[in-house]
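Colleague: Below is the structure I would like to discuss, written out as structure tokens.
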Amino acid sequence: MSSQEQLLEGLNGPQRDAVTHSGAPLLIVAGAGSGKTRVLTHRIAHLMAERGVRPGEILAITFTNKAAAEMKERIQALLGVRAANTMWTMTFHSACVRILRREAHRLGYPSSFTIYDSADSARLMQLVCKEMDLDPKRFPPKSFSFQVSNLKNELVDYDTAAEQAQTEQEKKLAEAYQLYQRRLHEAGAMDFDDLIMVTVNLFQMFPDVAEYYRRRFRHVMVDEYQDTNHAQYAFVRELVGAAEDSDTGVVPPAELCVVGDADQSIYAFRGATIRNILEFERDFPSARTILLEQNYRSTQNILSAANAVIDRNEGRPAKNLWSEQGDGPAITGYVADNEHDEAAFVVGEIDKLTDEGTVTPSQVAVFYRTNAQSRVFEDVFIRTGLPYKIVGGVRFYERKEIRDILAYLRVLANPEDTVSLRRILNVPKRGIGARAEEAVELFAARERISFSRALRRVDEAPGIATRSVKAVQNFTALLDELAEAVPGSTPAEVVEAVLSKTGYLSELAESKDLQDESRVENLEEFVDVAREFEHTFAALLEEEPPDEDEEDGAVPSGTLDPGEPTLVDFLERISLVADTDQIPDADDTGGVVTLMTLHAAKGLEFPAVFLTGMEDGVFPHTRTLGDKTQLEEERRLAYVGLTRAQRLLYVSRAAVRSAWGTPSYNPGSRFLDEIPASLVDWRRAESSLAAPPSRGIGGGRGSGGFGSTFGGGPRRGAGKEAPTLGVGDLVNHDSFGMGRVQLVEGTGDKTKARIDFGADIGEKDFLVKYAPIEKL
Ligand code: ATP
Ligand code: MG
């Protein structure tokens, strides 16, 4: 067999065409698992083996570092380590950083420029807004950061933004943008969005630079093209060069090959636009398009489920994706009573599958919508000892927001804990700057007293501004106030007090930054950790002899009233969990189960997939209910999730899931209803929980009677306005009846209300926008 035949073996007709195509720009559009990524890797091999292309002449762009690594692996398997290493197989960001390290000096940046992550750039924007004396209520720095990022993704510079600005908001934004860029530049730094934008600018301003890279990269390939934003598109365009450029005799355009699937576009919130796919032929008039229709990844059952779901999105061309793999086993469905039962089911099932030898741990993936959901799974994995790893997310107890709150708790438990104290000194921001901190530190050293004591005598510290003295005094007063409440409170109550009294939560809740939204979710989860701890603590004392369980370490003997754990107990327990949180390495265990969000799963495949948290309000995410465009994006995410599975697919949901320590009854995800009933084998079709008062379980939606809406009540219709609530207002809730508002927190869509329904039902927390409540 010739090497050409070898390379083309195992490809179908259209795939071969795509691999061997030369010349005009090529677009490959196809559904999930149809071999798009495989075509890219084979194309690279073919270019080198048959067309004499050197590895250094190829730039292959992937969307995430994980995908880049996987592509490298595939190329390495085909062509060996050296080829894989000399070729640029990387994300847009990494490719741009490489270019900028060489070239950014032309724009006055040091070649060792710093890259600001989102926390750094948010901090800088805050400083900028302060410098401009902007009222943070009217011009929130977080929102400015977000908007500047959008402008950069659209390649709008600050001059243009200023020209286009009409409202005062827009004018201030443009000004802040300019100052922000100036400060970045002075610091020799770029933020994430700059990496792409500055590279494009560089290409446009210095034709010789553009020419150098055009000469170098004769082949440009982009995977997951549906998730490119405008700046990335412009980068590709500049790099490839247009036909006009060849007319002027510069460099002939490079060969471009992009692959994508509009149904898998899941990054619109970051500025990605499927326009880039839809209008490829307009952008590159000589383009050729190849369609792939055969799916090689999944069984027909899995494909049919995914097709049926994505079919509900409007205005998409119908796809005819089919598989030769046979129907395969039915999809397994499971309705758990709560999220812990769900996790127990999932982990139990994985345990069984691996024991039987059906799959190895590394062949299994567990997906969820938001990072916060990983915590419950982590706990069960740790307890059962099944090896696992979390992709993308920082482990729960290592997350910044969790560490911040833990630091507060530690200071409350031990005021001399200097490390924790200094961590929270200015978190959330309260005007205690580095200089003030330094002055306190010097004073402590001089007086030979602890940092904590020096803080209490801050007014004696030399060289400290009056404003800082006041800020420190407010801070210590806040700590005193919190500390006073500790003896009479449960750990969960202490956590909640810290979250609200410090302003930590409201700062996040007001932010428009999506990362902050997930921080809020993580904190919500943390309140649940504390509450659960209280329950298990009580149960532990009742059920187990104290020396048989690791948890006995958390029980100082004889000092406790059962059911009344203290803050110190809670902290001890957490350090235990956080310690066992050390995950064994993938290599010495023969593989680990992968846990990740659906967003991180794009492009990957696994023999067995667990799609968890399939509840309306979780997935689709609450933020998206009632917004058609956003719901469609959630549906594409469901399509991505379903199509990761090769043979075994599980879908599960919990009837009740804790949110803010109170159970929330979520109806089954509408995406479950959209899967044809005949494809799902419900291992457990209904929860055994009794409905909360005044509503029956009946009225299940869709197949098999699952997905009952009990407790959650009907979804608020898209058009219906959420009531504006104030403390003391009387409301009526569809399930719980009359109640009085005790607390209102947050703004806009994130407004939460705590409502007291009287002695039987007690207090419950709601997101006002989605709760079936009416103001009376
Ligand atoms: P996604 O849209 O999820 O990114 P994709 O279109 O990139 O999917 P690939 O990951 O390239 O699909 O391929 C899916 C699976 O099908 C892979 O395991 C791949 O090796 C296999 N495959 C693709 N084409 C063929 C073929 N012609 N013969 C056998 N297996 C194939
Ligand atoms: Mg792919």
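Glycine too: its Cβ is placed from the backbone N, Cα and C atoms.
I grabbed these lines from TrEMBL:
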DOMAIN    9-299  domain 'UvrD-like helicase ATP-binding'
BINDING   ALA30, GLY31, ALA32, GLY33, SER34, GLY35, LYS36, THR37  ATP binding site
DOMAIN    300-603  domain 'UvrD-like helicase C-terminal'
COMPBIAS  542-553  compositional bias 'Acidic residues'
REGION    542-563  region 'Disordered'
REGION    690-724  region 'Disordered'
COMPBIAS  696-716  compositional bias 'Gly residues'
Colleague: Could you pull the average pLDDT for the domain 'UvrD-like helicase ATP-binding' (9-299)?
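Modeller: Reported value for the domain 'UvrD-like helicase ATP-binding' (9-299) is a mean pLDDT of 88.
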Colleague: Run through the Cβ atoms and count how many others sit within 10 Å of the one on GLY33 (ATP binding site).
Modeller: 25
Colleague: Given the binding-site residues SER34, THR37, which one is most crowded in terms of C-beta atoms within 10 angstroms?
Modeller: SER34
Colleague: Quick check: with ALA30, GLY31, ALA32, GLY33, SER34, GLY35, LYS36, THR37 left out, which same-chain residues have Cβ atoms within 8 Å of the centroid of the ATP site Cβ atoms?
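Modeller: Everything else in range on the chain: ARG38, ASP261, LEU292, ASN295, TYR296, ARG297.
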Colleague: Specify the count of other C-beta atoms within 10 Å of the C-beta of ALA30 (ATP binding site).
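Modeller: If we count other Cβ atoms within 10 Å of ALA30 (ATP binding site), we arrive at 24.
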Colleague: Sequence gap of 6 or more, C-beta under 8 Å: which same-chain residues meet both conditions with respect to ALA32 (ATP binding site)?
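Modeller: ASP261, ASP263, GLN264, ASN295, ARG297, ALA306, LEU321, TYR639, VAL640, THR643 - these are the non-local Cβ neighbours of ALA32 (ATP binding site), listed in sequence order.
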Colleague: Using Cβ-Cβ distances, find the residues under 8 Å from LYS36 (ATP binding site) that belong to the same chain and are at least 6 apart in sequence, listing them in sequence order.
Modeller: ILE28, ALA30, ASP223, VAL259, GLY260, ASP261, LEU292
Colleague: For a quick check of packing: other C-beta atoms within 10 Å of the C-beta of GLY35 (ATP binding site), how many?
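Modeller: Other Cβ atoms within 10 Å of GLY35 (ATP binding site): 23.
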Colleague: Using CB under 6 Å from any atom of ligand 2, narrow the binding-site residues ALA30, GLY31, ALA32, GLY33 to the ones that qualify.
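Modeller: Result: none.
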Colleague: Please list, in sequence order, the residues in the chain of GLY31 (ATP binding site) that are at least six apart in sequence and whose C-beta is under 8 Å away from its C-beta.
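Modeller: When sequence neighbours closer than 6 are ignored, GLY31 (ATP binding site) has ASP261, ASP263, LEU292, GLU293, ASN295, LYS319, LEU321, THR643 within Cβ distance under 8 Å.
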